[in-house]
Every structure is written in structure tokens, then in C-alpha cells.
């Protein structure tokens, strides 16, 4: 009984993580890009902005 | 005593296949035809081996020796192909190095794959890739091999030939060189190697750093950096994680523009928790059942972790003193990018995670669960770094992509070569970064100085949060003064007195510029090149040439010695590396 429960739990956890990974990878590729940090109207192109 | 059979060939091929798959998934479109131009990553079709590339320019040696190595190699391979190979190899070679490092610990395949995945797929790798710090990533790839080679040196008393090649290769930039040297020396010192061996390693490390070290000393007068940068480039909070925890999860880079979206939310917290649980479990395994090999490896890795994390947190906790130090101590500016040395933290985390996964795999097998269930759970333990950082995939969600240079660049280079002015070229506008439309607006260090043949005089100021961190090149300051002259002819004359014989201007880029009198040899909608009427030739001091000649000789001698030693040992059959793939044949515990 314990083996069956363990198997089911393992498959659920494994399947869930696999699904989350695939969904995460796919959605990160299909979501719109954030605004570019560069602004062509700025006096110079900045190296970056701190967080 | 009979040795156990080595694992079947397909098992030995799995780490290479998995590492390659991860690398291709991460780089994605960056491996396409063209050049990946992202922040500090600038590759061009044909970089010329000229004074600044060799470390005798007037600015600090920021790309020494990496640019010189590229300038030589792109004579053999096209620049775009070379860049693809370097980026791919930086990931795959490092992944295989981790596998090699873990083999002597007698860990199973899932544990090694878990360590390999964490090594290749983490915030440090992703953020440094987007920020364009490819020499650091080459050093990162060399790190596990250097650790392995240093361990063998410590145990066997004979320097592996491979180490003589790896240390110069892992020292293509200042940060990478410091990390590589630290790894080499810490393994020997923490393993209580004889003093003579430690001294020999120190000589090797210094020789491999000679190009940037000597060039930095020659520029000692200008080598102090603007303290303003210390606060801007310090280790940073990342999303929900305060800076020290961001660093613990291998993130915390200063630049918000290179941080993946997943690091800004809950996934970063989940990633940190999973990493903490696995690291704690690995530590428990290490403390409860320490094998000599694991204990021997863990000691130096713990020191490296403490150094990497400690220096990173120092820049966050005390940016003022770090900035003050950079202003007065030549070379101390290298510490201001706080998160850069976090590569030193990764080997310990990989070891602990691999130990934890190996223990979990043994328990799962002992529980006699059906094979599919065991595979599913071990898959979770291998795959979790990807799960919590999904937007690293496909070129970090499109942040890395390959583009072609517009034909203007080749035209401007050819026109300037044909005009052959007797002097250097000033690059305008006088600002460091560009965001060209042909690069999809992605910011990149101006590629024009690397495209052109003469030595460039180009801005080295950095603008962050609208704050300008002053550059160090005194010649740029002089050029700025020359450009403030009242009319184009006076500007041309003043520039000529600085040894500047041409001006190349990016017409599409914003930034400080001024009209200069001269003969136009190239102009289109993007670029314009002028040759100035007169320029006083500028020569490099003989002492500088001699000093850098010795530095390059030392650097190349180390690599050449490695090649010769490898050939001699191979001929004698005493290479000693083949058996190292089997745990029973090479124990690095000492």
C-alpha cells in the first residue's frame, strides 16, 4: 500500500515539476518583452540602471 | 584487489549530452549566424592585434588578454563562429568539468547531473551572459578543471600538464584571473601541500596574470577608479531577496536590465529555499559520513565560497570604503562589481547539492519504489534549477540574439585603411554605449573602436542611473578638451597634437560630439570617417614595449610548457588522466 502511495506521490511531484518547468519556459518565451533600458532620446545610452 | 567494472559507454556519454542540451537551450538564437552584442560583449569580424589590445594603449587594460587572444584566433576562424564556439564551450566545458570533479567522489549519475545542471543553469551564468562578461564565463568554465588539476597536483606531487593550459585560459580578464588563481592556491594551501609546491603554483598564477598585471602597473598613475562606481556596481537586492540572500542564490548583479523576470518574483525565493534545503542536506551527509575524497574537496571549496560571498556582501555593506579604496589604490576598482566574484561560490554549492541528491537516490532505491517513480523524483532533483529560472531558456527569453553588422562598418574600416592616416582614430560621439536599431535596440559597448584598424581613442565613461562614473584614460580627457576648441579647424589641430589622425563618428548614436575639419573618406546614413590634416605621431615608450613583451612571453611560456609537457607525457604513457575517470583509480582525498 505504502509503495503504491509513494509511487503515486512521486509521479505527481515529478509530473508537476515537469509541467511547471515546461509552462515556465514556454510562457517566458511568449510573454511580451520588457521595455528596453535604452532611450534614444537620452543624452547618452546608459550602461544600465541599478535594481 | 579487483577493480569494479567501469560504467558502460552510454552512461559516460550522458553528462556530455545533458550539458550540451542545456547549453543549446540556454543560448538558443545566440548560436545563429551573426554576432551576439550585449552590453560588454563585443565581437567583430576581424579584431586587429594593435597597441591597446596588447596592453600598451593609454587606457586601463580592461580587455587584456582576452582581446589579444581573440585577435589571434579570429585569424584562423571567422569572428562570428569563434564567438559561438566560445559561448557554447564556456557552458559545456564547465559542465563536463563539474562531472569530472564529482567522479572521484563515487557519486551516481543523477547526483552528477544535478550538480551539472546547477552549474550551467543559475542566475550567475545568466546575468553574466547578458551583461556580456564572456571572459569571466571562460574562467568559470575552467574553474572545475583547475580545481581538479590542483587536487591532483596536491595528491600526486606532479603538476598536471593540463593545468598549465587551463590557468592562462581561465585568466582572460582580471576577475577571471583572480578567481582561477584563488582556486589553484586555495586547493594547495588548504590541502597542506608542501611550501615548494605552493610557491610553484604562485609562480604559475602570476605568470598567467602577467599581461593584465604588468599593463595595470604601467598604467598605475591612471589605474585608480572613480569611487562613485562602488555604490552603483555593488551587490544588489534582487526582487524579493535582500542582497546577501540574492548572493547566496548566485544572483544580485547591479544592473536591473540583465536580471531575468523570474528573479524578480516568488520563483527566486523558491529557488533559494530549494538550494538551501539541498545544501543543508548535502552538508549533513558530509558531516555524518565524510568520505576522504569529499572532505578533501569540501575544505578548499568552503574557503572559496566564503571569499566569493564575503567580497560580494562587502560591496553591498560598505560601498563607501570600497569606493575610497578604489580611488586611492591602483587596481582596487576590480572589486567594485560585487557579484562578479560569486563564481567562487558555485563549486561548493554544486558539491553539496550533488551529495544531497546522491543520498536521496540511494534512499529512493532502498524504498523499492517502481522505476518510473524513482526516475520522476530524481528528475525533479536534477531539473529544479531550470524550473525556478525558466526564462533563461532560448537566449534568456530573447535577450541574447545574433545580428549582422550593417555594411557601413566594413565600408568605414576599408576606407580608413585605404587612407592610412599616420595616427590614432577618435570615436564620436564621446560616449561608451550604443543601442543601435540593427541590434534591436539592445545596449552594447560601442563596436566601432574594435571594428576599425587604428588604435581608437573612445570614451570610457560609464553612465548608470544618470550618474557618470568617470573613465580613466587621460587621452580621452585631452580629446574632450580639444573638442571644446571654438571652431572645427582648431579642434582638428588640437586633436592632431594628441596623435589623433582620424575621426570616426556614429551618426545614429546620441552623445557629445563636435564638428571637426578634415577630409571625408567615408559617409553614409550611419557612419562618417574623416582624416585630419595633420597629426603628430605618438609612440609607445620603449620601456612599456619591453615590459609588455616580457609579460606576454611569460603568459605564452606557461601555455607552451603545458603543451610540450602533455606531448612528452603522452609519448611516455605517463599522462595519467585516463584512469581519472574512474573513482577507484584516482582518489583525490590526499
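Keep in mind that glycine also has a Cβ here, set from the backbone N, Cα and C atoms.
What TrEMBL says about a protein is an automatic prediction, not a curated fact.
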Query: Pick from B:58-77, B:238-257, B:338-357, B:398-417: which stretch is listed in TrEMBL under transmembrane segment?
result: B:338-357
- prompt: Between the transmembrane segment (B:266-287) and the transmembrane segment (B:163-191), are there at least three Cβ pairs closer than 8 Å, leaving out pairs fewer than 6 positions apart?
  reply: no
Field: For the transmembrane segment (B:299-318), sequence-distant contacts whose Cβ falls under 8 Å of one of its Cβ atoms, 6 or more beyond its ends
entry: 147, 179, 182-183, 186-187, 190-191, 230, 233-236, 243-244, 247-248, 252, 335-339, 341-345, 347-349, 351
Cβ pairs under 8 Å between the transmembrane segment (B:85-103) and the transmembrane segment (B:369-386), at least three: no
Message: Same chain only, please: residues at least 6 beyond the ends of the transmembrane segment (B:338-357) with a C-beta under 8 Å from a C-beta of the stretch. Say none if there are none.
response: 98, 101-102, 105, 107, 110-112, 114-116, 118-119, 122, 124, 127-128, 133, 136, 139-140, 143-144, 147, 175, 178-179, 182-183, 233-236, 247-248, 250-254, 275, 278-279, 281-283, 285-286, 294, 297-298, 301-302, 304-305, 307-309, 311-316, 378, 381-382
Message: What residues elsewhere in the chain lie close to the transmembrane segment (B:198-218), defined as a C-beta under 8 angstroms and at least 6 residues from its ends?
response: 55-56, 60-61, 64-65, 68, 150, 153, 159, 163-164, 167-168, 170-171, 173-174, 177-178, 180-181, 184-185, 188-189, 330-331, 544, 547-548, 550-552, 554-555, 557-558
